[in-house]
Amino acid sequence: MSEQLLSELSPVAATSPSPAPAAQQKLNLLDMNRQQLREFFSSMGEKPFRADQVMKWIYHYCCDDFDQMTDINKHLRARLKALAEIRAPEVAEEQRSADGTIKWAIKVGDQQVETVYIPEDDRATLCVSSQVGCALQCTFCSTAQQGFNRNLRVSEIIGQVWRAAKIIGAAKVTGQRPITNVVMMGMGEPLLNLTNVVPAMEIMLDDFGFGLSKRRVTLSTSGVVPALEKLGDMIDVALAISLHAPNDTIRDEIVPINRKYNIETFLSAVRCYLDKSNANKGRVTVEYVMLDHINDGTEHAHQLAACLKYTPCKINLIPWNPFPGAPYGRSSNSRVDRFAKVLMGYEFTTIVRKTRGDDIDAACGQLAGEVIDRTKRTLRKRMNGESIEVKAV
């Protein structure tokens, strides 16, 4: 990571908004949380409760047509159609994994981001992107290799949830579980887009929005400390941290933002967030990708235990998911098991995460959103004699 880029990772940069829409465009109601929607209706001379009615139609019923909102009078519907729209990003491509995971390439302007639906026995998690690309340049992550383009707008973030809910809702007959959890773990660093991420999460939590529990909405960060310090005063959601190293020497190399905000500075900010939060039950989720002979030795496990001694947490060990041109290998099962046993010996709750969707490059660290990656993936599949279901939408 360049010094210039590091200098830009400041509270100002972390909260800078994405470009506003052109003046002639209708207002997209997906860009507004409930308070903003009420202010919009008040500006029209309408009662604030109209905002609640419309919001319920949008998010409870995935409705994007004002004419279908039958408890809104025709005159108001006509005014809404003249002034506003409900426009979620469209799906460009859908891929389905053998394990039930679905990855959507979502069109945002002339670019794409990726959204992943992960069904399990007792839940269904949606992994949502916050930026086109990523500025943090983590060396083990496919998204980082395409660089950073722009922040997503509120409508482009919550629109991923809306679009997925609409698709899954229409497919109930196939037995797919409705979305129960949302994780801000897709493309981008959420804390570098607070201006848009926070209102989107507010809609996820709002009873007139998706009505999710604050413990079921998780924000993951690599350590933009000034923005993390602000987050605790803005919203209370579950927190996960992308640590990935037991010491600053290794983390400086694989997570370059560590050169600006080192591990102790990061963990100190995490503890402050936990002190303010009810959503985390007093502990943070630590994400740790296992890189063969880089950070996966038993000596690293002992160092990690010492590093986290004063930070209440549970630890997710993540098998590294390969992408073309990456300089790493995935840790063997035996090395992961030995690593986990050391941590459990220190009485850390330790989970070895099951890889989901890696056959469609939807697993952790594999999201890229670019056609060039799909070309390389297809070649790799053919060389292995495998097939993949791809559907253009």
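Backbone N, Cα and C define each Cβ position, glycine as well.
Annotation comment: Swiss-Prot describes 1-22 as region 'Disordered'.
As annotated by Swiss-Prot, compositional bias 'Low complexity' applies to 10-22.
Per Swiss-Prot, the feature disulfide bond maps to Cys127-Cys364; the stated evidence is sequence analysis. All protein chains shown were included, and the count of other CB atoms within 10 Å of the CB of Cys127 (disulfide bond) stands at 28.
Under the heading active site, S-methylcysteine intermediate, Swiss-Prot lists Cys364.
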Cys127 (disulfide bond) - helix vs strand vs coil (DSSP): strand
